[in-house]
């Protein structure tokens, strides 16, 4: 008999029902559960899949470059970045009639195209790319890297090239390699690219391989570096009248600390960015030489952790046992990596709009909105994943003997205190915030808006003032003209910062009021509740008073049968599942807030946000309803327009989202009966009965149906908001 899917589980392969397919897909990446898995093979599989991941990333970015070079308008966009709409790629659709062809033929194209709202044009322009040939070259190079990654992944699965377990567990060497080799060297290389290619490019000098060694990035070359006169590299920066991409108003500095934004491009100074990457490179190159490898010098991670005795003995045995616990658990390591990456991704969202690094991206409002929303959603999924793998660690890898009385064990010991405090914070935030919103709603409804409860966010305003925002009149630190910090700031460090903070044309420290105070606390409610569910799921993953033997049932189980009441919905997987709904909900509020605040800022009517955001009806009517009008108008009696694709996606997103509830609410028996009826009818229908199943059709398990429901809910939710966001922003600002 031929080997049936899944090959990694003979038990599943012999299952006579369709469960074989679904469980096979569900456990395909759970290497630990596969037949004949050893620790060595587990690490080698993970290592090889990393190369596969890299290959996919390189292929994807190569595709972006290739399609823009082939079907885009990069060269004409470069000549006029503020007025030419960047094209992502062409559209070929046999359904398009003449009105559709006309509606989607934009940006100087000959036929229908998609407009790029990803910011790649601004990114490539900023780093020195100027022609389609440059884009093709980049696409080919990334294609080559993709192939190299695939070969490397295959190679490391061959017997001769398989790394050993000890190699994977050599934490110090890996730290040194990642810190110095990846972060340090790549940051240094990026500084080199910025100084040698991007900065000359911004000054009208086209540097490529043919003239790379002839064009000096700085008139004095390496002289100042070797003579210690590093300040020369900061002298004569670009002037405020500099036209990006030309020599007009250009300086000669390569590493500066100007602060603020380039007046024409509204983005950070390239010379500041180069300086930043050089500093990062230096820090990481040093950090990557701190840990002890085969040379016998430097820190040992284990010694560091063991030596750390908490003051006053308040934390038991501190970090003893942690080194081996973390180093022997891929789930713990993945949890830490995901937590870090999730936070970084959210920080990217926050900083890409407030401190834009790419030329002219700040004036492309739809791109700004799309990138913020994109990075916040990605961050949400990554962060929830961190807790999921933390819970799996507690179930599969945690050893109570090894961690006696250390910080990890003590977390588990006082989990009731942690969970109840989080619960209290969530309840407090929820009831008070909702109470204020609803009170204000009622006052508006009764025609007495002056009776609203409006709270000024004075602490946040004070913090903004301390950073130099003068409009609140706090007169403190950087907003006080008498303070030493203010005076030093005018000359020594970041002279452009204070101008940028107090200019109302950017997104640095936006003016905040009672509406911001309320939505801030609504978001805090969402964050605390999501955290509560995730933390409880992880801390109760091994067991609870209700179910002390929970860890024996694994990460995802529906219930312990009918004889044991109350054991449904309490697996660690169920906590993750519930938390994802809250995560999506919270990011919904975050993106609504960001988008509405910015739409009113860009349109010059900030009072609309300030007045309408203090009560729920304001959000529903003046943000959601008012801004969905363009969407609902995508198709009308006069034909169609370029927003019609978003109108369709808006409807389709709602459909996918609503489909999710079909899986989330109906139970298993209902589907089993329906499937059996359909199978009966199928087998008795001419032509249809020529096709038979090899597997007996059975309904999804409870956990699987929840996953399918959650996937539809998430995808539909994000599709719907993406269509709303892009249509409402591009409909207003082009």
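The backbone N, Cα and C atoms fix where each Cβ goes, and this holds for glycine too.
Not measured: the values here are computed from a predicted model.
According to Swiss-Prot, the features are:
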- 559, 568: [4Fe-4S] cluster binding site (BINDING)
- 654: chlorophyll a B1 binding site (BINDING)
- 662, 670: chlorophyll a B3 binding site (BINDING)
- 671: phylloquinone binding site (BINDING)
- 46-69: transmembrane segment (TRANSMEM)
- 135-158: transmembrane segment (TRANSMEM)
- 175-199: transmembrane segment (TRANSMEM)
- 273-291: transmembrane segment (TRANSMEM)
- 330-353: transmembrane segment (TRANSMEM)
- 369-395: transmembrane segment (TRANSMEM)
- 417-439: transmembrane segment (TRANSMEM)
- 517-535: transmembrane segment (TRANSMEM)
- 575-596: transmembrane segment (TRANSMEM)
- 643-665: transmembrane segment (TRANSMEM)
- 707-727: transmembrane segment (TRANSMEM)
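A map of Swiss-Prot features onto the structure.
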residue: 559; record: [4Fe-4S] cluster binding site; CB count, 10 Å: 16
residue: 568; record: [4Fe-4S] cluster binding site; CB count, 10 Å: 14
residue: 654; record: chlorophyll a B1 binding site; CB count, 10 Å: 15
residue: 662; record: chlorophyll a B3 binding site; CB count, 10 Å: 13
residue: 670; record: chlorophyll a B3 binding site; CB count, 10 Å: 11
residue: 671; record: phylloquinone binding site; CB count, 10 Å: 16
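Of the candidate ranges 46-69, 175-199, 330-353, 369-395, 517-535, 175-199 contributes the most Cβ pairs within a distance under 8 Å of the transmembrane segment (273-291). Long-range contacts of the transmembrane segment (643-665) within its own chain (CB-CB distance under 8 A, at least 6 residues past either end) are made by residues 100, 103-104, 628, 630-635, 700, 705-706, 708-724, 726-727, 730-731. Sequence-distant contacts of the transmembrane segment (417-439) (same chain, six or more residues past either end, CB-CB distance under 8 Å): 411, 452-453, 455, 518, 521-522, 524-525, 528-529, 531-532, 535-536, 539-540, 614-616. The separation of residue 670 (chlorophyll a B3 binding site) from residue 568 ([4Fe-4S] cluster binding site), Cα to Cα, is 19 Å. Counting only same-chain residues 6+ beyond the ends of the transmembrane segment (135-158), those with a CB under 8 A from a CB of the stretch are 44, 47-52, 54-56, 58-59, 61-63, 65-66, 68-69, 74, 124, 129. Geometry remark: residue 670 (chlorophyll a B3 binding site) versus residue 654 (chlorophyll a B1 binding site), CA distance 24 Å. The shortest Cα-Cα distance from residue 559 ([4Fe-4S] cluster binding site) to any of the binding-site residues (654, 662, 671) is found for 671.
Put simply, residue 654 (chlorophyll a B1 binding site) is 23 Å from residue 671 (phylloquinone binding site) when counted between their Cα atoms. Across the structure, the residue listed as 'chlorophyll a B1 binding site' and residue 662 (chlorophyll a B3 binding site) are spaced 13 Å apart at their Cα atoms.
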